[in-house]
Amino acid sequence: MEITLFDPIDAHLHVRENALLKAVLGYSSEPFSAAVIMPNLSKPLIDTPTTLEYEEEILNHSSNFKPLMSLYFNDGLTLEELQCAKEKGVRFLKLYPKGMTTNAQNGTSDLLGEKTLEVLENAQKLGFILCIHAEQTGFCLDKEFLCHSVLETFALSFPKLKIIIEHLSDWRSIALIEKHDNLYATLTLHHISMTLDDLLGGSLNPHCFCKPLIKTKKDQERLLSLALKAHPKISFGSDSAPHFISKKHSANIPAGIFSAPILLPALCELFEKHNALENLQAFISDNAKTIYGLENLPSKKARLSKKPFMIPTHTLCLNEKIAILRGGETLSWNLQEIA
């Protein structure tokens, strides 16, 4: 059995920087046609020049791949700055509530503040797409739910602004997407295939720790259902986020799951298991093209066959190891060729 996926798109990707970027980028740039690149670096991408420098770094270490760049939402994003970014091809804003995830210490503290709303108004005028890490301070399993009032305010106040709830993790958010025409979402492999049991049901597994947290069986099943039917307001976004094992095994574990090396085979296995392989093309590419208005992307054909694939336990960077999701397991699908 074989399947060919055309122009796979990852609508949420972390490729880090410097040596780590060189070590992990190929896992995404080779099989994927394009990816929305996250701006939460150690020095956030808060303006157009730094964003373009990072884009150049990615392009210098990849080929036939389109990085879709995003700006780190901040109060300094004036109308002039946004116009400059748009002229240079930057179409995405990423809003991080302050302190909610990795490198979000410079995030937005007042989500409904005057300055935040002013930036959003300008973003709407210029046709930007807003991607949001939709969590608010509160009990860890309710953080996304607690952000619903903010999301509703954004959706109603800026009806022409496309708003993406990144890495949807709570089944209660589904109703919001179906209620508001301008609300969309991305789904990760881990949120549609894993639950809290994978993180802490046995021994604590730091390599399954991410934000937003993987949640209950009900959440996983409801979100998986959206993916399997390729809901038209949902696109695939891996949120693949590599960290060194030395940091993952520390007393202060960073959030992030490195899933890039297994994405296409694992999705094939999951969709075949649920008799939904015919919908994988829409989930992995077609929906994103429609939602984000993507055209003239590099052409890619990823051919996968139903043959065993033993997942490596890790990859290397500067003699440090980076653990790969489900490392040591065997998938029933294998990526055979990229053309």
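Residue numbers in this text run from 1 along the chain shown.
The backbone N, Cα and C atoms fix where each Cβ goes, glycine too.
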Quiz prompt | According to Swiss-Prot, which candidate in His133, His148 joins His14, Val15, Arg16, Asn40, His243, Ala255 at the substrate site | solution = His133
Quiz item: Which of these, Asp239, Asp286, does Swiss-Prot list as part of the Zn(2+) 1 site with His12, His14, Lys94?
Solution: Asp239
Quiz prompt | Zn(2+) 2 site partner of Lys94, His133 (as recorded in Swiss-Prot), chosen from His61, His167 | solution = His167
Practice problem: Using C-alpha positions only, work out which of the recorded positions His167, Asp239, His243 is nearest to His12 (Zn(2+) 1 binding site). | Solution: Asp239
Quiz item: Quick one: Cα separation, His14 (Zn(2+) 1 binding site) versus Asp239 (active site), in Å?
Solution: 6
Quiz prompt | List of residues, in chain order, with Cβ under 8 A from that of Arg16 (substrate binding site) and at least 6 apart | solution = Val24, Leu41, Pro242
Quiz prompt | recorded positions near His133 (substrate binding site), in sequence order, restricted to Lys94, His167, Asp239 and a 10 Å Cα cut-off | solution = Lys94, His167
